[in-house]
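Peer 1: TrEMBL feature annotations, pasted as is:
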DOMAIN    1-122  domain 'Protein kinase'
DOMAIN    168-203  domain 'EF-hand'
DOMAIN    205-240  domain 'EF-hand'
DOMAIN    241-276  domain 'EF-hand'
DOMAIN    278-308  domain 'EF-hand'
Amino acid sequence: MKIKIIDFGTAQQYKVGGKSKMEERYGTPYYIAPDVLNKSYNEKCDIWSLGVILYILLVGYPPFNGSEDKKIIDAVKKGVYTLDEPEWDDVSSEAIDLVKKCLTYDPEKRISASEALEHPWFKKFAKGEKVKKSLASKALSNLKNFRAEQKLKQATLAFIVSQCLTKEETDKMGEIFAAMDKNNDGMLSKEEISEGYEEHFGYPIEDEELDSIFSAIDTDGSGAIDYSEFLMATMNEQQLMSKEKLKQAFKMFDKDNSGTISKQEIREALGNLDEEVADKMISEVDDNGDGEISFDEFERMMNMVAGAKSKGEL
């Protein structure tokens, strides 16, 4: 199994051991290091992110979770995670030790890249010990499942925002968005959000709070907040995911109006999702074992998907 890490749009060269530290705050909530949130970090922030990826590969869910980006970021700031849940029972002690060393809160005590490569877990396989195919398959499946779960929720919320909200529900937020969008480009920049905040509250927003808000709302990482992202962030999630709106979203997936969502319909809706991942998603909530998702099962899946955990063992 080979893992390719992508999306280095905000990456920059940094001299290891340099006196100056980086201060700009970039990153995806699940993977961002607490030292990045504190706006004083060095190359060790990448080790933390790799630790998060390793954690997900091993058990199928992230170490820091939450129903929305702000809650995820709050969890990262605390830096508290668990390694004692049942999913960890079949994970080797060497792998657990490497996770701990990568997710060490203090970057000064966190393992370095060169030290990580010398870790017993890597040495074990460098000596010729082969990774069990079942282990590699499970790790890859865990990563795919996690990404798919997030994609499903985002796809559903995006559909609800674009197709299910009434004019009355969006009018007020639309006016606020338009007032903040000074250059009328249909996007909100950091500067526009900052100006809107000061106009409304009468005092400037702190840079850290602005970064936190932006990180939470800019879900596609475009560098600006579009109207759909604005609505998803500013409207109450219980309102967005009401039974009525979830029924409308359910019909969007249920192309043949059969009253259930099939594996093929999920795959097509999420961009030809792997069959194995679609099977896994269905099995998580398919109470009656018919291989399809009813509305009740769909509703339960949407309510749990933000904190979903893979139930498989590794």
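Each Cβ is built from the backbone N, Cα and C atoms, and glycine gets one as well.
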Peer 1: How about long-range neighbours of the domain 'EF-hand' (205-240): same chain, 6 or more residues beyond its ends, C-beta under 8 Å?
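Peer 2: Here the qualifying positions are 7, 9, 25, 27-29, 32, 37, 39, 67-70, 73, 154, 157-158, 160-162, 165, 169-170, 173-174, 176-177, 186-190, 193-194, 197-198.
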Peer 1: Limited to the domain 'EF-hand' (205-240), I'd like the whole-number average of pLDDT.
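Peer 2: For the domain 'EF-hand' (205-240), the model's average pLDDT rounds to 77.
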Peer 1: Please list the DSSP helix, strand and coil residue counts for the domain 'EF-hand' (278-308).
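Peer 2: For the domain 'EF-hand' (278-308), the helix, strand and coil counts are 21 helix, 1 strand, 9 coil.
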Peer 1: What does DSSP give as the helix, strand and coil breakdown of the domain 'EF-hand' (168-203)?
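Peer 2: Here the numbers are 25 helix, 2 strand, 9 coil.
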